[in-house]
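Annotation comment: Swiss-Prot describes 11, 12, 13, 14, 15, 16 as FAD binding site. Here Swiss-Prot flags 270-284 as NAD(+) binding site, drawing on sequence analysis.
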């Protein structure tokens with residue numbers, strides 16, 4: 001067996017698959033080390049991809065030729081655009097997935113990836129020399145050599161499952177934890193913490209009274225995640241919606257002392273935006289009920305995931321809870337819910353490339369960095385995989401910043417501010433969300449992927465064709481003009497100022513949509529619906545986008561002021577508090593320094609002035625010298 005690679009990726013979850021595929025797409029000889037290939041692409045918690053903020057990440061992964069979007073399209077059994085009635089910036093694509101179809105599609109994608117080999121085994125020890133990673137040792141003693149290593153262990157690092165008063169070591173249900181790597185991290189001096197997440201019981205859908213619950217259909221037609229998916233062909237299903245009742249809350253209150261979160265058995269923090277049902281009852285006791293989404297786990301699988309009642313209460317208490325919920329009174333519980341604690345690395349130990357500051361060539365992605373969610377993991381995996389391949393080949397790393405995409409927002413949040421609870425992506429975290437929309441992820445990122453070399457020929461050809469069609473349609477819309485009097489004859493009420501307005505101008509009005517301008521100018525009928533949608537969104541946002549472009553330019557100026565070699569003791573005027581924070585966190589740029597807690601605008605001004613003075617001191621370079 002070959003034992004030398006450019007990049008080794010540890011873990012076959014959502015982060016690991018994207019990391020391995022991304023590294024391989026850049027031409028790196030890549031090994032994906034996982035316990036069992038059969039678990040690659042497993043959806044450990046909810047059987048769904050996307051959502052608010054999360055759907056943006058899936059589209060961005062797809063724009064860089066990642067796997068998740070296409071795999072979700074292959075496995076999706078209900079697609080919905082969340083926030084459809086709101087503006088395009090906050091709409092979030094989401095898909096309910098068939099677990100088996102999703103995992104099978106991901107495994108097929110991994111098998112089909114050139115330069116990628118899967119090795120079954122448990123990574124036990126990191127090997128390093130002179131401050132650089134050199135490879136890994138497996139639990140069976142095998143050693144693998146590599147120029148870079150990406151670790152994506154999910155909840156497996158010293159994982160501990162809790163169910164009522166019981167607890168036992170596990171990475172997820174029925175799978176062993178990873179124990180050796182945490183010791184390797186501690187030996188390197190990496191700061192570790194503990195986090196907690198949980199999952200609800202699984203139900204037998206054949207025993208649910210579906211007539212007693214509200215049914216929720218998906219969108220028709222379903223909208224794919226990937227621009228390379230022409231249409232969704234998998235059969236689509238409906239989900240159910242029910243609610244807890246006061247009787248449910250009474251059962252929980254009577255037994256909350258048996259929850260590991262409230263008995264003191266679990267000390268670590270769980271995800272604020274995905275609380276357990278016992279947490280909801282304790283913290284929001286004034287509510288009459290809490291919504292539960294009944295999500296089928298597959299087309300030929302009777303298992304149902306009750307989204308909204310994550311719990312680690314004892315098994316018999318979980319049964320008692322279910323018996324009080326409309327539609328679930330007689331349901332059979334196939335598996336109880338549980339909580340899991342696991343180690344994570346303080347993400348402030350990382351560079352924006354996701355390389356650790358303490359050991360060159362070591363990259364971390366996914367829940368190990370304190371995030372929660374498949375989509376957050378996938379986006380980090382892609383970035384880590386790209387950078388690992390670039391580093392192994394002796395190249396410069398790539399940084400995605402807050403103006404590039406949600407993946408840049410997430411990574412900057414992690415490496416700058418750190419986390420005190422599992423980090424989840426929301427649209428509200430992005431300052432530039434008018435430009436960082438789910439619908440334009442490919443327009444923002446695919447050219448960057450082409451420059452990096454991580455985008456394949458199929459996507460490259462599609463992208464060139466789409467961008468040409470978009471430019472042509474926009475130019476056409478801007479070339480067709482009409483007077484207010486002419487518009488009135490078509491039923492459009494405009495200010496009678498005598499000014500001619502283009503079709504693009506008309507689309508900027510909130511009440512005017514593409515079908516109305518197409519009715520005026522028949523030549524617009526040749527524009528495809530998807531391209532027309534992009535033109536209309538650009539028109540609606542045009543004024544606001546101009547302002548945001550100026551904001552992004554100011555942001556980029558601050559991001560261009562590098563602080564990597566600054567000795568803060570030599571910067572006059574900084575307060576001791578600011579100096580201490582800057583020394584401790586070592587921000588890359590003035591922009592990143594400004595996002596640290598306790599760094600004031602005055603301190604930023606001092607830093608910018610210092611950098612300008614230092615730049616003036618450097619000798620000018622004359623062409624031809626040196």
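Note that Cβ sites are derived from N, Cα and C of the backbone, with glycine treated the same way.
The Cβ of residue 11 (FAD binding site) lies under 8 Å from the Cβ of 33, 34, 151, 152, 153, 154, 156, 366, each on the same chain and at least six residues away in sequence. Once Cβ contacts within 10 Å are tallied over all protein chains shown, the binding-site residues 14, 272, 280 are led by 14. On the backbone, the CA of residue 15 (FAD binding site) and the CA of residue 270 (NAD(+) binding site) stand 20 Å apart. Separating the Cα atoms of residue 282 (NAD(+) binding site) and residue 14 (FAD binding site) is a whole-number distance of 33 Å. The Cβ of residue 12 (FAD binding site) lies under 8 Å from the Cβ of 32, 34, 35, 37, 39, 40, 41, 110, 118, each of which sits 6+ residues away along the same chain. Each residue contributes its Cα atom, and for residue 13 (FAD binding site) and residue 276 (NAD(+) binding site) those atoms are 23 Å apart.
Shown in sequence order, 198, 259, 261, 270, 310, 311, 312, 339 are the residues of the chain, 6+ apart in sequence, with a C-beta less than 8 angstroms from the C-beta of residue 276 (NAD(+) binding site). Contacts of residue 274 (NAD(+) binding site) defined by a Cβ separation under 8 A and a same-chain sequence distance of 6+ are given as 197, 310, 372, 424, in order along the sequence. The binding-site residues examined here are 13, 16, 270; by Cβ neighbour count within 10 Å, the least packed of them is 270. Each residue contributes its Cα atom, and for residue 16 (FAD binding site) and residue 272 (NAD(+) binding site) these two points are 25 Å apart. The binding-site residues under consideration are 15, 282, 284. Their Cβ neighbour counts within 10 Å are lowest for 284. Using a 10 Å radius centred on the Cβ of residue 278 (NAD(+) binding site) and all shown protein chains, the other Cβ atoms total 26.
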